[in-house]
Amino acid sequence: MQNERLGVLSVIAGAIMMGSLVIFVRNINLNAVQTSFFRFFFGFLFLLIFSVLSRRKISFERPKMLLIMSLLSIMVVNFYIASIQLIPAGTAALLLYMAPVYVLPIAYLSGEVISRKIFVSIPLSISGLYLMLSPTGVLNAGIIFGLISGFVYALYFMVIKRIRDYMQSIELTTAYLGISSLILAPSLVIYPIGEVNLMWLIGLGLIPTALAFTLFNFGLKYCKLSEGPVFALIEPISASLFGLMLFGETFTPIEITGMILVLAGVAIALKA
């Protein structure tokens, strides 16, 4: 019981830290690709140090799967950061977290047996998405980037489910962060870097990345399988609160209703 409670608290703490990504993105004067590189790079450094100190072996089993996972991760983070830079953080986070809803039809088409809850989850989420977008009435670049990040995140879920059979979570996270930062390293040459505060970059790699991922993965070990992903929905809520408190981002009653419907749809999808 105590371990389960610790697991729940760890997942919640990790989700809140992930939601703090908006703070770092808005204070780093870099484009989405460069910001993604530094997130991967410093996150990798922190987890590498942790792995060495805890005497964990970093292996690169299933290199093809690791490469695919790294490429998908790069796409998710790049599109998500680009979305945060253009629209309210809470909206961007909710679009990302529609991934479980996208997973359901993909899994169904792949021949997987799906719960009937899919017929509630998807219409509910789409209705919520419509309400979220109704005040603007247009699909701007930020919303499109957010939708893409959610769809690619769904593919990422499916890949990580397969590779987790061969690698533990910390080793897996360390490996793909290292590969992802290596792939994005040329961006530092292609896009000249202006003046940037090193402490913000270190914080980017530590708080919403290394610490958040470590706490989240640790918590999932002790949480009930059905509960962990639902508690993770605190991330878009915390992102909305950070956006409200620090950047004055507000939402209309219609948008809030839409967000609630999306959260409900995602929660049902996770239970399916």
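Positions of Cβ are set from backbone N, Cα and C atoms, glycine also.
What TrEMBL says about a protein is an automatic prediction, not a curated fact.
Per TrEMBL, domain 'EamA' is recorded for 6-133, 141-269. Per TrEMBL, the feature transmembrane segment maps to 7-25, 37-54, 66-87, 93-111, 118-133, 139-160, 172-193, 199-218, 230-248, 254-270.
Taken residue by residue, the domain 'EamA' (141-269) breaks down under DSSP into 103 helix, 0 strand, 26 coil. Between the transmembrane segment (7-25) and the listed ranges 37-54, 118-133, 172-193, 199-218, 254-270, the one holding the most Cβ pairs under 8 Å is 199-218. Model confidence over the domain 'EamA' (6-133) is summarised by a mean pLDDT of 86. The largest share of C-beta pairs under 8 angstroms with the transmembrane segment (37-54) comes from 172-193, of the ranges 93-111, 118-133, 139-160, 172-193, 230-248. Where the transmembrane segment (254-270) meets the stretches 93-111, 139-160, 172-193, 199-218, the count of C-beta pairs under 8 angstroms peaks at 93-111. The transmembrane segment (230-248) makes contact with the transmembrane segment (93-111): 3 or more of their CB pairs lie within 8 A, with pairs spaced 6 or more apart in sequence. Panel annotation: around the transmembrane segment (139-160), residues 65, 68-69, 72-73, 75-76, 79-80, 82-83, 85-87, 91-92, 94-100, 102-103, 106-107, 133, 172 of the same chain, lying at least six beyond its termini, place a Cβ under 8 Å from a Cβ of the stretch. For the transmembrane segment (199-218), the list of distant contacts is 7, 10-11, 13-15, 17-21, 24-25, 27-28, 35, 38-47, 50, 169-170, 173, 177, 232: same-chain residues at least six beyond its ends, Cβ to Cβ under 8 Å.
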